[in-house]
Amino acid sequence: MHTVFYVSDGTAITAEVFGHAVLSQFPLVFEQVTIPFVETLEKARQVRARIDEQFRQTGLRPILFHTIVDPLVREEVLKAQASGHDFLNTFVSPLEQELGVKAEPRLHRTHGMENRKLYDDRIEAVNFALANDDGITTKEYEEADIILIGVSRCGKTPTSLYLALQFGIRAANYPFIEQDMGALVLPTALKANRHKLFGLTITPQRLHEIRNQRRANSRYSSLEQCEQELASVERLFRQEAIRFLDTSSHSVEEISAKILEATGMRRQLY
């Protein structure tokens, strides 16, 4: 099994994202190691030694994805017995020529606190998502950018938090529960913010599997209950002309991207 190292003088998030995107094209399993904050020559030598040791143990040259600003630190890491792939410098040189401007590399610029306001906005969005999770309160819905609605366990909470953390979007979410199903209508708080509503749904079988992990062999997790709840909620979505998305086979990243595409909400990139 090949070992993949993600090495950076910052958080290594960029190296991980780039590396994961590339490696997903191959039908292989990799052992993955992330090493952030390699900011000194001493740390670089330790990383080099670790990579070389992995090569000696496995006989397979490790794959190295790196984003290192300091050229001396980068050169030391690249002395390792690995297949090195530099995400940043691959694109920086062509862009310098195109833009006619010399790049000014700086540590922690990508995922640091270069723009304090954007960082604060993101943290506030996360706090908002937590405070308005699962219908805890509906008093702050006027401040929401979006309100996700759907049955319990269809992906509302993780999507709300991802939208907040990744894009600084204030996302609330509201669950429809078994007691609502007899005569399902939009609650007053949702009606007042109807233009912010976005529905999430899921297949009955997938919902049954997820709920069964939480409350096995209960009415809540039974396939019949899942089918009934989903039928009622999807009927409401159609009656009220609320846009909705099936989350069954999508990751939280994909769900979020599809919501942004459908709503046209502005992304705040960090």
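Yeah, the Cβs are placed from backbone N, Cα and C, and that goes for glycine too.
The ADP binding site annotation in Swiss-Prot covers G150, V151, S152, R153, C154, G155, K156, T157.
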Shell of the ADP site beyond G150, V151, S152, R153, C154, G155, K156, T157, same chain only (C-beta within 8 angstroms of their C-beta centre): N173, P175, L200, I202
Intrachain C-beta neighbours of C154 (ADP binding site), sequence separation six or more, cut-off 8 angstroms: L200, T201, I202, L207, T247
Nonlocal residues around S152 (ADP binding site), in sequence order (Cβ under 8 Å, 6 or more apart): P175, F176, I177, R211, Y220
Listed binding-site residues (R153, K156), ranked by Cβ neighbours within 10 Å, top entry: K156
Candidate with sparsest Cβ neighbourhood (10 Å radius) among G150, G155, the listed binding-site residues: G155
Which of V151, T157, the listed binding-site residues, has fewest other Cβ atoms within 10 Å: T157
Mapped DSSP class for S152 (ADP binding site), helix or strand or coil: coil
Mapped DSSP class for T157 (ADP binding site), helix or strand or coil: helix
